[in-house]
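Copied from Swiss-Prot, the annotated features are:
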type     : residues : note
COMPBIAS : 8-22     : compositional bias 'Polar residues'
REGION   : 1-36     : region 'Disordered'
TOPO_DOM : 1-39     : topological domain 'Cytoplasmic'
TOPO_DOM : 61-123   : topological domain 'Extracellular'
TOPO_DOM : 145-152  : topological domain 'Cytoplasmic'
TOPO_DOM : 174-199  : topological domain 'Extracellular'
TOPO_DOM : 221-245  : topological domain 'Cytoplasmic'
TOPO_DOM : 267-305  : topological domain 'Extracellular'
TOPO_DOM : 327-353  : topological domain 'Cytoplasmic'
TOPO_DOM : 375-391  : topological domain 'Extracellular'
TOPO_DOM : 413-422  : topological domain 'Cytoplasmic'
TOPO_DOM : 444-451  : topological domain 'Extracellular'
TOPO_DOM : 473-507  : topological domain 'Cytoplasmic'
TRANSMEM : 40-60    : transmembrane segment
TRANSMEM : 124-144  : transmembrane segment
TRANSMEM : 153-173  : transmembrane segment
TRANSMEM : 200-220  : transmembrane segment
TRANSMEM : 246-266  : transmembrane segment
TRANSMEM : 306-326  : transmembrane segment
TRANSMEM : 354-374  : transmembrane segment
TRANSMEM : 392-412  : transmembrane segment
TRANSMEM : 423-443  : transmembrane segment
TRANSMEM : 452-472  : transmembrane segment
């Protein structure tokens, strides 16, 4: 049976083959909705709704694998990466996940700054909104001191706000239900080009945050499972799968509300038309943000709130801003816990949540303040969209390790991935990697100066090299013996680095 843990956990033998190794005590669980819509993807038509649907399905598959790994082995993904990957790939992998966490926190800072700007009718400048996010950091830590239940209640409150606010926008916009269903279940995108590719990659990055895969593998450890009994392990896996399905369904509905509203409001809308709509509304002061030309409106989270207010009244703008604020606060909570688990798992370095959130927020605020002070709103909102793409680009560094270790029978025993699961997840992962690679190649010609090519080339080599290494070890774990090198037999036989080196030394 699954039950809440007592403060002191009694060590007992686990069902997974590596679970008898020492593991840090699990932390309290902040929330189980780890993939909930923390970022808002905004395409301008319903053509990409099918990307949202399948990204959510992929998110469920990833969350299922992460939970199963944690339940069976008693260890999170970061800890198992520490056991099996050599030092250099392990450090590089840790850095990529830390980059994803900082990128996610930057999005929280951007969303919060824009929401304060909208709620104050522009009286709070963007840089002021960025600095205000320091306060919400301490508010989160304040709640954390009052225990897990208070934190979960606050997270539930944020989720409710998001559902109500974005649901309100959906009702007042009244999008076409026929177009909605067609966009969801008929994968197509006629006439799409690089902007739509950017949106599609951003949707995947907004739905599946790489660090959340590491987080969810750790959260399941906050429940006591008797790993000596196969029935209890199987029951726990089903329990967490059901829980993840419910959470992702809520996430999907919230994202669907947002994307459907903007597909309705912005489809084939020109900047001139948007300017005229706002100029003839009670929010005429905002009309100047739209250039007076015939180009199609390029929607971001700031312009999105403005045009909603111009079309449906000021209430729609303020409700959008409140929903944006709630989405940002949920990101702070999950990012803090993910950062702590990742640091402890990869580096065996224990920091307090206060120190961890202070480090992450400091790294996120500096570049965001610089953009807010020296650039304009469009650059800040555009930065948010690029950060969504960054999350998608970093996704292989979470999905490839989880596919590797959940496919190793020596680690997962009878709960290792079956052949059908391996084929489906591997094909999806190959597709994601191919799309990311195509995006990187197509993005190169748009670089503002040739001097950037050298830096981008170095980053691309490092990115492709680490991805290739992770894919190689994943193939070994899937049974490709012909790829096995003597130094990496652990991925075939499930021997942690220390144990393999010990055997080689004694031999």
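Cβ coordinates are placed from backbone N, Cα and C, and glycine is handled just like the others.
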Whether the transmembrane segment (246-266) meets the transmembrane segment (153-173): three or more C-beta pairs under 8 angstroms: yes
The transmembrane segment (306-326) versus listed stretches 124-144, 153-173, 200-220, 392-412, 423-443: most Cβ pairs under 8 Å: 153-173
Recorded stretches the transmembrane segment (392-412) and the transmembrane segment (200-220) touching, at least 3 CB pairs under 8 Å: yes
